[in-house]
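Peer 1: What follows is a single structure, and I will ask about it in a moment.
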Amino acid sequence: MASSLDAHLESECGEDPLKRQVGDTIRHLAGAAIKLADKIAAGGDGMGQAQGATNAGGDVQKELDVIADKVFMEAAEASPLAFFGSEEQDDAVALKPDANLAMAIDPLDGSSNIETNVSIGTIFSILPVEDEHRADPSRVFRQKGSRQLGAGFFIYGPQLLLVMSMGNGTHTFIHAPGRGEFIALKMSMTMGEKAGEFAINASNYRHWDQPIRSYIDDLLAGSEGPRERDFNMRWVGSMVADCYRILLRGGVFLYPGDGRKGYAKGRLRLVYEANPIALCVENAGGGATDGTTRILDIEPEGLHDRTPLVFGSAREVERVARYIADPSALAERSPLFGKRSLFRT
Ligand SMILES: O=P(O)(O)OC[C@H]1O[C@](O)(COP(=O)(O)O)[C@@H](O)[C@@H]1O
Ligand SMILES: [Mg+2]
Ligand SMILES: [Mg+2]
């Protein structure tokens with residue numbers, strides 16, 4: 001019989017008190033995710049309806065965004081957490097003053113897909129809280145992603161999944177309704193270094209900078225272009241689902257900055273979207289960058305910062321960074337090399 005999430009956390013956390021608190025928090029999150037999945041499965045016309053309010057990032061909130069925020073806030077209150085920061089709340093909330101952890105969360109990822117019965121999810125990031133943060137709470141969510149003690153995401157799809165990492169491998173658990181708990185599905189995941197699929201919202205092509213356009217042009221040219229092989233494209237529009245596919249079969253995901261008003265750093269949030277995804281992807285052998293800097297090395301300025309995000313198979317992520325770093329090579333590319341670019345491997 002597959003081992004349970006509970007048993008895994010027990011062995012991964014051992015006797016380390018801080019890790020055990022991370023484990024407890026993940027247990028509470030798992031309970032909340034089961035509750036939310038039940039609500040999603042029960043449906044209801046209103047879930048995908050706009051509420052009229054906007055969140056801190058300027059997105060119109062849907063009813064399910066608000067329900068999910070409440071469900072996970074309750075889980076946070078039951079967990080050993082000093083601070084809770086949510087996409088759906090302007091400011092971080094102070095919880096247990098003496099607790100040693102903080103959690104940032106995207107309660108509902110893939111909001112634009114809610115009413116279409118496509119996979120959606122929840123993304124979480126657990127950080128340490130030290131004396132310096134108690135003295136100045138504004139610093140809690142300005143910690144680099146490399147300081148995360150645990151992170152992951154749930155997918156509400158055909159299966160209810162939890163993908164998580166505590167820095168020692170990335171593991172997937174599946175909710176087994178008969179057992180009322182999550183059980184191991186894929187432990188110590190490893191993703192391929194090479195990508196055969198890419199994920200990007202191509203409708204923004206005209207708004208991208210030249211390096212991103214050139215990179216995508218080269219993928220689209222397929223076997224007749226500089227890459228000399230064909231690529232497939234998938235874009236779910238829920239990052240959790242795109243990330244899980246990439247963890248399973250390799251690939252690359254891009255949400256770059258673009259020329260639209262308010263999109264200079266793209267759409268995705270550093271603290272509760274890019275950082276937890278980056279921890280899971282890196283622990284499975286992949287990479288994650290904003291184009292120039294490793295995501296986990298970026299110092300956030302605030303809870304709701306945005307960041308350009310490229311993640312996936314390590315070699316492909318490095319390649320995107322080379323397109324961005326070396327525009328001079330790109331300038332030479334068409335006249336001198338025709339369709340044979342400097343970037344082929
Ligand atoms: O609608 P777009 O611009 O393609 O953006 C899709 C992206 O936005 C997101 O939905 C952002 O997350 P939220 O739904 O939590 O705002 C990602 O899951 C997804 O990758
Ligand atoms: Mg999201
Ligand atoms: Mg969201």
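Note that Cβ sites are derived from N, Cα and C of the backbone, with glycine treated the same way.
Below are the features I grabbed from TrEMBL:
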type: BINDING; residues: Glu87, Asp106, Leu108; note: Mg(2+) 1 binding site
type: BINDING; residues: Asp106, Asp109, Glu273; note: Mg(2+) 2 binding site
type: BINDING; residues: Asp109, Gly110, Ser111, Ser112, Asn201; note: substrate binding site
type: DOMAIN; residues: 47-184; note: domain 'Fructose-1-6-bisphosphatase class I N-terminal'
type: DOMAIN; residues: 193-323; note: domain 'Fructose-1-6-bisphosphatase class 1 C-terminal'
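Mind running through what each feature is packed against?
Peer 2: DSSP assigns Leu108 (Mg(2+) 1 binding site) to a strand.
Sequence-distant neighbours of Glu273 (Mg(2+) 2 binding site) (same chain, 6+ residues apart, CB-CB distance under 8 A): Glu87, Asp106, Asp109, Ile123, Met239, Leu309.
The C-beta environment of Asn201 (substrate binding site), restricted to residues of the same chain at least 6 apart in sequence and closer than 8 Å, consists of Trp235, Gly237, Tyr255.
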Peer 1: Measure from the Cβ of Ser112 (substrate binding site) and count the other Cβ atoms within 10 Å, all protein chains considered.
Peer 2: 13
Peer 1: Among Leu108, Ser111, Ser112, Asn201, which binding-site residues lie by ligand 2, judged by Cβ under 6 Å to any atom?
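Peer 2: The qualifying binding-site residues: none of them.
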Peer 1: Long-range neighbours only, meaning 6 or more apart in sequence with Cβ under 8 Å: which ones does Leu108 (Mg(2+) 1 binding site) have?
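Peer 2: Looking at Cβ-Cβ distances below 8 Å from Leu108 (Mg(2+) 1 binding site), excluding near sequence neighbours, one finds Lys62, Leu64, Asp65, Ala68, Asp69, Glu88, Ile114, Ile120, Gly121, Thr122.
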Peer 1: I'd like to verify something. Among the binding-site residues Glu87, Asp106, Asp109, Ser112, Asn201, which ones have a C-beta closer than 6 angstroms to some atom of ligand 3?
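Peer 2: Cβ under 6 Å from ligand 3: Glu87, Asp106, Asp109.
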Peer 1: Are there residues of the same chain, six or more positions away from Gly110 (substrate binding site), whose CB falls under 8 angstroms from its CB, and which are they?
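Peer 2: The list for Gly110 (substrate binding site) reads Val118, Ser119, Ile120, Gly121, Val236, Gly237, Ser238, Met239, Val240, Ala241, given in order along the sequence.
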Peer 1: Could you say whether, by DSSP, Glu273 (Mg(2+) 2 binding site) belongs to a helix, a strand or a coil region?
Peer 2: helix
Peer 1: With a radius of 8 angstroms around the mean position of the C-beta atoms of Asp109, Gly110, Ser111, Ser112, Asn201, what other residues of the same chain does the substrate site pick up?
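Peer 2: These residues sit around the substrate site: Asn113, Ile120, Gly237, Ser238, Met239.
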